[in-house]
């Protein structure tokens with residue numbers, strides 16, 4: 001891939017502050033883009049206002065800037081893209097590729113997350129209903145740059161999935177596919193918790209005639225109990241005074257080998273070292289990394 005053709009992105013959710021796991025994801029996507037002279041875009045995935053923490057968007061951007069990150073162009077907010085999502089959703093619905101679902105959580109509980117198609121042929125109206133995308137009885141697979149081959153049978157392993165919630169909020173799967181295509185994203189670098197979402201996104205890309213990006217899923221940094229670092233588990237926020245040591249720790253989590261001479265470097269100097277020495281082949285080929293094991 002040529003330098004001018006690579007376009008990557010970082011797309012945080014403003015449900016809380018950035019923590020160490022967020023930093024590892026941001027760093028991986030940033031270095032993968034900058035190491036080949038590519039562009040790195042910023043997108044705020046603010047699809048779910050009830051979950052958004054006041055002030056989180058500005059805090060996220062401030063933290064990234066204090067750690068030396070620089071993005072290209074203006075930040076995109078998903079909350080500004082509702083018309084684009086509605087247009088595609090309506091086309092899918094009107095062509096019979098999506099349908100309305102009125103199933104309650106209680107009705108679906110026995111099926112353990114795999115939708116059994118209860119509303120597939122019911123002909124419900126779109127008002128006061130979720131909208132689900134019909135999936136084919138096909139297996140989708142792709143080669144992840146770190147995790148290797150990943151396969152998933154959409155009909156058997158997922159079922160028809162939601163692209164608009166009953167409360168009218170658009171689902172991540174629809175928004176992320178439309179935004180990545182609209183922004184021309186060629187390479188998606190993100191946490192391994194999204195690995196099993198990828199086949200659904202591949203199907204949507206195929207259905208809408210979009211190019212398929214390359215994927216790289218990094219190990220998820222986890223708590224001692226195995227849960228992902230995050231607001232729910234009181235992960236500490238990134239602080240400016242810890243920028244250099246945390247960047248070095250994040251580099252090591254990604255399998256890179258920064259020297260001890262960087263201990264007193266500025267955040268920008270650490271990032272420049274990372275760009276010059278980035279080797280994605282050294283990223284651990286595992287789905288999770290316990291934070292306690294990192295130096």
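We count from 1, first residue shown onward.
Glycine too: its Cβ is placed from the backbone N, Cα and C atoms.
TrEMBL: automatically predicted annotations, no manual curation.
The annotation in TrEMBL ties 9, 10, 11, 12, 13, 172, 190 to L-glutamate, and of the candidates under consideration, 45, 137, 139, the one tied to the same site is 45. The feature motif ''KMSKS' region', as given by TrEMBL for the ranges 213-217, 218-222, 223-227, 228-232, sits at 228-232.
Put simply, 115 is the one of the binding-site residues 101, 103, 115, 119 whose Cα lies nearest to the Cα of residue 190 (L-glutamate binding site). Of all Cβ atoms in the protein chains displayed, 20 besides its own lie within 10 Å of the Cβ of residue 13 (L-glutamate binding site). In the three-state DSSP reading, residue 172 (L-glutamate binding site) counts as helix. DSSP places the residues of the motif ''HIGH' region' (12-22) in helix, strand and coil in these numbers: 3 helix, 0 strand, 8 coil. In this structure, residue 9 (L-glutamate binding site) is part of a beta strand by DSSP.
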